[in-house]
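> Submitted below is the structure of interest, expressed as C-alpha cells.
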C-alpha cells in the first residue's frame, strides 16, 4: 500500500514541500532563514493574538491597556516582550535572507524574488503599524511623521494623508484602523509566504556554487529538517535571552511616555530595522525626493535580475564583486547608525555619502565588476 502521505490530498502537498522535496546537498546554513522566518511569523501571530485579547485600540485607553497587559495579565509581560523582540528577530532573519539571495544570485528566480519583495514591504508595513499601537510618544510622532511623507505626492498628497488619518491629525480613527490592518496583514503575509514557496518549488532551491544541482539532490527530511531544528533552537535562544535579560534594549525609552500631541520628542526615529531607509530619506533635502529615495532603497531589489551582468550566478567565485558586496553591507550598517543620530554635522554629510554609495554600488559598480570578471575569466 502506498504511504498515506503520498496519496492524501492535503498530506501530499506537505510531503512534496517538506519531506520528499529534492534539495541540493550543498546548501549551507544561509538557507536556514526561510524556515526561521516561518517560525517567526507563527510566533508573532500567536503572541499577537493573545495581546489582542487584552489590548484596546482607543486613544484614551491604548497606553494603559499595554501597561495592564504587562502588570496584571498572567505572563503578559512575557507575551508583550516576545512580540516586540520577535519583530526584531523577524527583521534580522529577513535581512540575512535577502542578503543571502543577493550574494548567491537567488534573485534569478524572478517570481520567487518578486513575491519576496512584496513580502518585505508587507512586513515593514505591519511592523510600522504595530509600533503605533502602544500609543507612546514615539508611536504617535512616528505615525505623524511617516504618514505625513505622503503629503509630498503632488496634487493629491494632503487629501491622501487626511484620508489615511481619518481626520486632520493622527487620532482615534487612525489608531483603530492601524490596529485593524496590523491584525489582518500577518495572515496576508502567511498566504504570500505560501505563494513564495510555491514558486520556489517550481524551480527548486539554488545552492552556494550557483550551478545546476539536479545531479546531486537529497530528500529534505531528515537531512534539512534536523538542520532547521538547530537553527530554530539558536533563534529561540537569542530571542529568549533578549526577552528575559534586555527586553527594552532595541526599543525607545520615549515610548514609555504616553502620547502627547503638544510635546514633540527631541529625536523622532523609527525602530532600528527602519533606520537605514530613514537615513536615506533624511539625506535628501527635498521632501518628494526623500520619499522617492526611501521607496527606491527597497524597490531597487526588483531590478537585481536586470543588473546581473556576470556569466556566473553566485558571488562564490567572484572576488571583485564580493568586495563590493561587503562594502554594501558595511554601508547599510553605517546608514542604520546615521538614522539613529540627530540631524547635525557631521552626521548629515556621512548620511548623504552613505546614501550615494548605496545606490552607486548596486546600480553602477556591481554590474561593471560583473563585466570585468567575465573579461578576466574569458567568459564572454
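Cβ coordinates are placed from backbone N, Cα and C, and glycine is handled just like the others.
Computed from a predicted structure; not experimentally measured.
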> Please find, within the list 77-98, 143-164, 253-274, the residue stretch that Swiss-Prot describes as transmembrane segment.
77-98
> Taking the transmembrane segment (347-367) as the first stretch and the transmembrane segment (288-308) as the second, find out whether 3 or more Cβ pairs fall under 8 Å, excluding pairs closer than 6 in sequence.
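Yes, the stretches contact each other.
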> Residue list, the transmembrane segment (77-98) vs rest of chain: Cβ under 8 Å, 6 or more residues beyond ends.
30, 33-34, 36-37, 40-41, 43-44, 47-48, 50-51, 66, 69-71, 116, 120, 123, 127, 130, 235, 238-239, 242-243, 247, 250-251, 271-273, 301
> Measuring Cα to Cα, how far is residue 97 (heme b b566 binding site) from residue 201 (ubiquinone binding site) in Å?
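The Cα atom of residue 97 (heme b b566 binding site) is 17 Å away from the Cα atom of residue 201 (ubiquinone binding site).
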> Among 33-53, 113-133, 178-198, 226-246, 320-340, which stretch has the most Cβ pairs under 8 Å to the transmembrane segment (288-308)?
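Between the candidates 33-53, 113-133, 178-198, 226-246, 320-340, the best contact partner of the transmembrane segment (288-308) is 113-133.
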> Could you measure between residue 182 (heme b b562 binding site) and residue 201 (ubiquinone binding site) for me? Cα positions, answer in whole angstrom.
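Their Cα atoms are separated by 29 Å.
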> So if I draw a 10 Å sphere around the Cβ of residue 182 (heme b b562 binding site), how many other Cβ atoms end up inside it?
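So the Cβ neighbour count for residue 182 (heme b b562 binding site) comes to 21.
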> Hey, which of 113-133, 178-198, 226-246 has the most Cβ-Cβ pairs under 8 Å against the transmembrane segment (33-53)?
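Stretch with maximum Cβ contacts: 178-198.
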